[in-house]
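Below you'll find the structure, written out as structure tokens, and then a few comments.
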Amino acid sequence: PGENETKVDLEELKTSVLYSGPVDPAEWVGLRKSYPLLVYLRNNLLMLAILAFEVTIYRHQEYYRCRNNLTAPVTKTIFHDITRAHLDDGVVNCVKYFINYFFYKFGLETCFLLSVNVIGQRMDFYAMIHAFWLIAVLYRRRRKAIAEIWPKYCCFLSCIITFQYFLCIGIPPAPCKDYPWRSGNANFNSNIIKWLYFPDFIVRPNPVFLVYDFMLLLCASLQRQTFEDENKAAVRIMAGDNVEICMNLDAASFSQHNPVPDFIHCR
């Protein structure tokens, strides 16, 4: 480009995909020549192997239960004989209980920590949006109120990760057309483009950020399932309820109404 067509320095312009070398249009759709081919396909084959292994296990469990006239457990846990009543029976039963129901008890806190991790790792425009959503969720305070807004939060996470995926792909570089924020009359520099997470041929959006968003979306989806399980009587009998004991109580009288044994002041 000429001097009036862009404000990018020459050294920085050399790192652009458009001008650093020949452009292969096939790479934009995910096709690239590789040798050996097995190394190129190993991650895809690994995913297929994991999915096949998962389906085999579920099919085997279903066949075994049908053959022996067994019913599926209410909760998908490892230790089916461990309930909330076994939590205070010893260290071993405590560990088994939390292996079964750790996310049931502390899934919401885990999602909050992952949201803070996304904000700290990204530190860009979308991190600010995540911060606003975190404040909106925490403002609800009560668990039931958070459960009402949680499906909208999951919808937001799924939409924003899809939108950012398309930003990472960007437009194909084969037509040799640069983005409008790289034109001569645009007041954008590389730092602003990086902060806004705009697609760019010089400062490419960091796709690792999508991994953090995906982990948050995964845990938020599990937490949405947890909110649904909390309304099932069979799950509450096995795992216990998540109702706040302080909902209608004075903060100074918590210990008098707490159903959990007090091992510190019991003497």
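Easy rule for this one: first residue shown is 1, then count along the chain.
Any Cβ shown, glycine's included, is placed from N, Cα and C.
Note that the structure is a prediction, hence the values are computed from the model and not measured.
As annotated by TrEMBL, transmembrane segment applies to 37-58 (among others).
The transmembrane segment annotation in TrEMBL covers 102-119 (among others). Residues of the same chain lying 6 or more positions beyond the ends of the transmembrane segment (102-119) and with a Cβ under 8 Å from any Cβ of it are 127, 130-131, 133-134, 137-138, 143, 146, 212-213, 215-216, 219-220, 222-223, 226, 229, 235, 239-240, 242.
The transmembrane segment feature in TrEMBL is assigned to 125-141 (among others). Long-range contacts of the transmembrane segment (125-141) within the same chain, counting only residues at least 6 positions beyond its ends with a Cβ under 8 Å from a Cβ of the stretch, are 112, 115-116, 118-119, 148-150, 153, 156, 160, 164, 195-197, 209.
Annotation source TrEMBL lists transmembrane segment at 153-172 (among others).
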